[in-house]
Amino acid sequence: LTGVLDDCLCDIESIDDFNTFKIFPKIQKLQERDYFRYYKVNLKRPCPFWADDGHCSIKDCHVEPCPESKIPVGIKAGSSNKYSKAANNSKELEDCEQANKLGAVNSTLSNQSKEAFIDWARYDDSQDHFCELDDERSPDAQYVDLLLNPERYTGYKGPSAWRVWNSIYEENCFKPRSVYRPLNPLAPSRVFNLGSVSRFSWTGLCLEKRVFYKLISGLHASINLHLCANYLLEETWGKPRWGPNVKEFTRRFDPAETKGEGPRRLKNLYFLYLIELRALSKVAPYFERAVVDLYTGNGHEDAESKALLLDIFRDTKSFHMHFDEKSMFAGDKKGAKSLKEEFRLHFKNISRIMDCVGCDKCRLWGKLQTQGLGTALKILFSEKEIQSLPENSPSKGFQLTRQEIVALVNAFGR
């Protein structure tokens with residue numbers, strides 16, 4: 001994939017170089033730190049839009065809590081290096097992962113970790129502009145270790161999965177007129193008509209609606225890429241082998257297989273990257289204040305985490321071809337306000353649709369990446385509030401919860 005992206009003055013090669021050599025290695029390190037590896041999620045919220053057709057029965061989709069006896073010694077000991085490489089490479093962790101089968105959601109925590117999360121919650125603010133938030137006080141909400149629960153292909157597909165994406169595109173997304181998507185992959189082939197590149201038309205869609213569609217398409221492409229890159233290639237004698245599935249990637253993105261649509265989907269992924277990159281560069285002043293601490297209870301690690309995050313912010317600011325969000329909602333005030341609210345409500349609905357995903361692993365990563373994008377949008381539409389933040393006291397005008405921070409970093413990492 002090469003060339004300039006639509007609706008911005010940025011080319012794909014520049015993004016590739018910037019990400020590969022500056023951003024990606026640092027984001028990977030940040031995601032491994034305690035503050036960013038735990039995400040609280042309620043995987044039992046009912047689907048608000050249609051009768052639940054039951055969770056998938058594939059073992060990789062299930063939540064399999066790790067029994068107390070199998071928790072790694074390093075975590076139970078509560079030492080400052082409880083998540084060190086040595087601790088996580090221990091026999092106990094292997095037993096734990098075996099008990100969890102093929103990466104079922106692992107929600108085990110030490111008592112010390114639970115106390116730290118209570119402290120984190122004190123700094124959390126319930127306001128959220130673009131996403132339907134889980135109630136963290138719900139008994140069904142649980143912390144999940146994202147490193148023990150990687151995003152990958154679980155086998156969840158078919159009518160249930162297509163129903164979710166169809167609802168997102170057909171009912172909650174502004175889309176080009178020539179793009180059609182089937183409700184059900186088992187439907188007659190005549191329904192599946194994506195149209196050729198030449199018929200792709202943005203007629204009637206303003207910049208804001210084009211941006212919205214491309215963000216959702218980019219999110220879809222991102223999730224599909226992760227499934228292709230971490231695919232269950234074979235399972236012999238209970239030992240699964242995960243890896244890239246080129247055939248699956250071709251089926252989802254090759255121009256010949258997608259009637260010309262595949263490259264556009266990938267370009268939308270780059271566009272999504274630019275939007276979240278822009279949000280990181282804009283939110284830097286919020287974190288640069290001494291009053292903001294990435295608190296876990298381990299002062300040394302917390303200081304290192306913040307230093308690494310600020311280093312990433314400096315890199316994001318050095319990028320010369322950012323998307324200019326000032327071009328959005330720039331018309332007459334009344335029309336712009338109405339369009340912004342429509343934009344927000346559509347996205348909020350999409351975050352609620354994630355509770356209709358039947359596979360827990362897919363639901364976890366869908367909710368996290370949706371909240372990450374929602375947080376990015378919240379940042380981009382709060383520039384004035386961020387610029388006027390007090391240096392030495394918490395802000396009432398603009399606030400990010402720990403959940404939003406974790407989602408933002410991990411979604412960008414994906």
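Backbone N, Cα and C define each Cβ position, glycine as well.
Curation does not apply to TrEMBL; its annotations are automatic.
The disulfide bond annotation in TrEMBL covers C56-C61 (among others).
Long-range neighbours of S217 (FAD binding site) (same chain, six or more residues apart, CB within less than 8 Å of its CB): R264, R265, N268. Look at TrEMBL and you will find R152, T154, W165, S217, H220, R252 tagged as FAD binding site.
What TrEMBL lists as active site, nucleophile is C359.
Positions annotated as disulfide bond by TrEMBL: C359-C362 (among others).
Sequence annotations record features per position, and here TrEMBL assigns active site to C362. All chains included, 24 other C-beta atoms sit within 10 angstroms of the C-beta of C362 (disulfide bond).
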Rounded distance in angstrom between the Cα atoms of R252 (FAD binding site) and C362 (disulfide bond): 18
Those binding-site residues, out of R152, T154, W165, H220, that come within 10 angstroms of C362 (disulfide bond) at the Cα: R152, T154
Cβ packing number for R152 (FAD binding site), 10 Å threshold: 21
Other C-beta atoms that fall within 10 angstroms of the C-beta of W165 (FAD binding site): 18
Intrachain C-beta neighbours of H220 (FAD binding site), sequence separation six or more, cut-off 8 angstroms: W165, I168, R265
Distance in Å spanning the most remote Cα pair of R152, T154, W165, S217, H220, R252, given for FAD: 21
